[in-house]
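First the structure, in the form of structure tokens, and then the observations on it.
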Amino acid sequence: MSMNHASVHPAEDAPTGGGGIAPREWMKDIEGMPATIGGLVLRSCQLIAAAISLSIMATTSDFSSVTAFCYLVAASGLQGIWSTFMALIDIYALLVKRSLQNQRMVMLFTFGDGITSNLTFAAVCASAGITVFIDNDLGRCSINHCYQFQSATALAFICWFFALPSYLLNLWSLASQ
């Protein structure tokens, strides 16, 4: 039974060609998806926030003593590399005026965005818990680099905030194919 049959989708039947198979409708490019200006802006914001978060963490001398901060550095580094790679793909696609609606490409983008955004969110949550513990519970913010840790955590959260729309738009595009 064809998935485009009227019993599955009770709306009117799509016009068919000579072979009886309806032409496949592709989802239109929405700003924020790969190969759009919005997608390039999202990737650039992810890259900038991840790079600043990583550089703030790297300038502190004692981040390596806390596992959550090491995880934040690793997640920010991975997010920065992925965002750079995706921004370069977006720039190339915009220059040659090519759409990236190939199913394999969209699946790669979706899985990559999903993995990096989940890792970044987990690292941000862990780091935020540690910074709250150091500041509020221990009251030792004056002898640690607490404000740098809080700034790096906030920037990594902003990076995740820009990564989430990329992931959701790619997931939507993948589901619509």
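Note that Cβ sites are derived from N, Cα and C of the backbone, with glycine treated the same way.
Annotations in TrEMBL come from automatic prediction, not curation.
Here is what TrEMBL says about this protein:
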type: DOMAIN; residues: 34-162; note: domain 'Casparian strip membrane protein'
type: TRANSMEM; residues: 35-57; note: transmembrane segment
type: TRANSMEM; residues: 69-95; note: transmembrane segment
type: TRANSMEM; residues: 115-134; note: transmembrane segment
type: TRANSMEM; residues: 154-175; note: transmembrane segment
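Between the transmembrane segment (154-175) and the listed ranges 35-57, 69-95, 115-134, the one holding the most Cβ pairs under 8 Å is 35-57. Packing against the transmembrane segment (69-95) from elsewhere in the chain are residues 34-37, 39-40, 43-44, 46-47, 50-51, 53-54, 57-58, 63, 109, 112-113, 116-117, 119-120, 122-124, 126-127, 130, 149, 152-153, 156, 159, 163, 166: each is 6 or more residues past its ends and has a CB under 8 Å from a CB in it. Helix, strand and coil residue tallies for the domain 'Casparian strip membrane protein' (34-162), in that order: 108 helix, 0 strand, 21 coil [DSSP].
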